[in-house]
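Engineer: Mind having a look at this structure? Questions to follow.
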Amino acid sequence: MSWGTELWDQFDNLEKHTQWGIDVLEKFIKFVKERTEIELSYAKQLRNLSKKYQPKKNSKEEEEYRYTSTRAFLATLNEMNDYAGQHEVISENMTSLITGELTRYVQELKQERKSHFHDGRKAQQHIETCWKQLEASKRRFERDCKEADRAQQYFEKMDADINVTKADVEKARQQAQLRHQMAEDSKAEYSSTLQKFNSEQHDHYYTHIPNIFQKIQEMEERRIVRIGESMKTFAEVDRQVIPIIGKCLDEITKAAESIDHKNDSQLVIEAFKSGFEPPGDIDFEDFTQPMKRTVSESSLSNSRGDGKSELKFGGKSKGKLWPFIKKNKLSLKLGAGPEDFSHLPPEQRRKKLQQKVDELNKDIQKEMDQRDALTKMKDVYIKNPQMGDAASVDHRLAELGQNIEKLRLEAQKFEGWLAEVEGRLPMRNEQARRQSGLYEAQNTSAVNSCAQDRESPDGSYTEEQSQETEMKVPATDFDDEFDDEEPLPTIGTCKALYTFEGQNEGTISVAEGEMLYVIEEDKGDGWTRIRRNEDEEGYVPTSYVEVYLDKNAKDS
């Protein structure tokens, strides 16, 4: 099967067909190029998607990634980033192995095709020239033969005419012979030209054209093979990244299987456990016997006499229902707690202090490593002065020594607070609390960490609110009473059992043993409103004071 023998007369069709083949190759190149652009765009979108959902540094989201489920999600995001990278590899490989190679090949193919068809046209022009020469020789031979015939007829006519002189007859005879000679010469030339043309034509159709067409056929077959190989490469590029993509998907599956719901539940406990004990039972209040009402007995009564039935505490040592109290309305500022984390419940405070101690120890170790390295450098400089001036590092060594000492003092301070929380040191005001019978009650008098202020056993409290479990309780007139133009009447007195630092808006500082006036008793939120003088009033934790209501206030 050869184009040279089978398609010897289809030069124009072969030219069109080979051009169509190049067009197909260029179309495939364009297809692959667009595929690479899609892969790059897809990879970019995947990376942006992964980046969008990555936790922001130094944000609350980072803390959330201690749970196994969120860690698995983070692993999924990272694997998707690697997954995107494999699509970039696909794009790069297709560009280099297919688009780039085929583009160069197309240019070479066009040049080769142009050369072959140039040779074909040249061969056609040559055979056409030979044909024209043959035609010219043939026409000349034909003309000479006719001229010889006419000259012979004229000679015969002249020879038969008795009136013609011998000279004219001889002249006619010589002319006829000359014409016959010319015809013979033309015949010989025509015969030679014909043989030459037949030879050229034979070479043209059986040698030159078949060779040229064979080269064109080989060129076209190479094109077909090349596009087939490129299609295989197209598939192979994808196949090469399948194992890596499979590993990415396996890692995502592994991350999903690593999710431990029990562990996450335990982490929730560790994150939000306050360390307080649940409130104890409320004692029965016997109103048939006269008795002096204490703070815990009157803390939940309604001073406005609206007739609503409310729970009351029976004794000082009994806990309050702090987990169920409504959200505080004092516009407390979040995240502005004291340095010793005393605004947190015991368990959360212990964790924060331990975390701070660990961070300080890491900083100390880092500074000590730098100091050791500089000390070694100084020793080298002392032994080899040409390497450097030993005195040049003294300033930095002194600075590092100061930093280490400062960090150690800071660490000792936090370790002292940590020891206090863990019970290794006596708690502040512990003796006074035991004498007052409220030591145990303090562990249960703080407000729930998810919904309101907390009070800790060492006399501290917290305003921390949880955005995730904030209790939706209808607001009362609690937050509107700061705007009362008329001062509230005094309904009793109270004695401060402990010192309270009122650092937040709406609170008031009191000293242990100080006597103050009560202008609004506890409405169930754990706060009592008191007044020192006409200009100083605010809220204090109910468990920090002992309240003595006036008799008229009780009756009302």
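Numbers run from 1 along the shown chain.
Note: Cβ is positioned from N, Cα and C throughout, glycine not excepted.
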Engineer: Quick check on the annotations: TrEMBL lists region 'Disordered' for one of 272-311, 432-471. Which range is it?
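Structural biologist: TrEMBL lists region 'Disordered' for residues 432-471.
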Engineer: Check each of the ranges 59-90, 123-154, 155-186 against TrEMBL and return the one annotated as coiled coil.
Structural biologist: 155-186
Engineer: State the mean pLDDT for the coiled coil (350-410).
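Structural biologist: Mean pLDDT, the coiled coil (350-410): 86.
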Engineer: List, by number or range, the same-chain residues at least 6 past the coiled coil (155-186) whose CB is under 8 A from its CB atoms?
Structural biologist: 137, 140-141, 143-145, 147-148
Engineer: DSSP on the domain 'SH3' (489-550): how many residues come out helix, how many strand, how many coil?
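Structural biologist: Its residues fall into 3 helix, 29 strand, 30 coil.
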